[in-house]
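Heads up, the thing below is written out as structure tokens.
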């Protein structure tokens, strides 16, 4: 089931119901690109929900010379279908599929079929899963769902996609439009974060996870390669403190932490090494490092434990 091919809420609901009706630890695998921000948001959801021991994460590397229809390859044959690249997974799980072979990709290992290749839908499915030992964090509390949706739309259009529209603009006018929208949105985010610890108050939501991958890559990649250099994240005091705050969340008792979901070296090699039209020489900058980005410095925004930063599910009345 390729939800991305049919982006109606009916299709999304069908996929979500499919997952919830067949929740088994170890049944699902998710393929994540090593440097992809859309994959990063899914990896963050796995970390915050404590699902790393229940949903198998299979890492792929972007290498256009070795891969086909999407560019994602595996250092060794992946364990579900024995494929050498992501195209092989698509060909095995969805014979006849002719679209781009994108990541993230959620697969049902038992039925050997694709559930979804849309990051936003996969995040919702992960948020709905529950296994013994996972966290009780709720990334989309019902009372905030409409606000989260509106904020997600703004973040995607102006920020997540806005850096790409800036970097790949083919006219000065298109670049200026993308930049205006990007920095207007960043100013709005900065103002929000001056009033609350996270985007929608004092608790983290899905909207924070959708913003974080772009922000953590901004100064090291987008400012240089995509010409998003009017202001850096470091120039926004609340946004940069929020970035450190999310990075330092302590998910007690879980093997996967936020800091494990991102490699700045992989990101630099991917963007500067693979985007030939923007960087014909393929020279990869030596910095900034995570330390130079200040990710280890105290955020001074509050306690680090997951219980202190996330909306926590409470037992239903009568089930306590």
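Note that Cβ sites are derived from N, Cα and C of the backbone, with glycine treated the same way.
The structure displayed is predicted, hence computed values, not measured ones.
What TrEMBL records for 1-21 is signal peptide.
Same-chain residues at least 6 positions away in sequence with a Cβ under 8 Å from that of residue 36 (active site, nucleophile) are, in sequence order, 62, 103, 104, 270. The feature active site, nucleophile is assigned by TrEMBL to 36.
DSSP assigns residue 118 (glutathione binding site) to coil in the three-state reduction, placing it in neither a helix nor a strand. Residue 118 (glutathione binding site) has a Cβ environment of 23 other Cβ atoms inside 10 Å. Look at TrEMBL and you will find 72, 118, 119 tagged as glutathione binding site.
Assigned with DSSP, the residues of the domain 'GST C-terminal' (141-272) fall into helix, strand and coil as follows: 96 helix, 4 strand, 32 coil. According to TrEMBL, the feature domain 'GST C-terminal' maps to 141-272.
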Assigned element (helix, strand, coil) containing residue 36 (active site, nucleophile), judged by DSSP: coil
Close in space, distant in sequence - residue 72 (glutathione binding site), Cβ under 8 Å, 6 or more apart: 31, 33, 60, 61, 62, 63, 85, 86, 101, 103
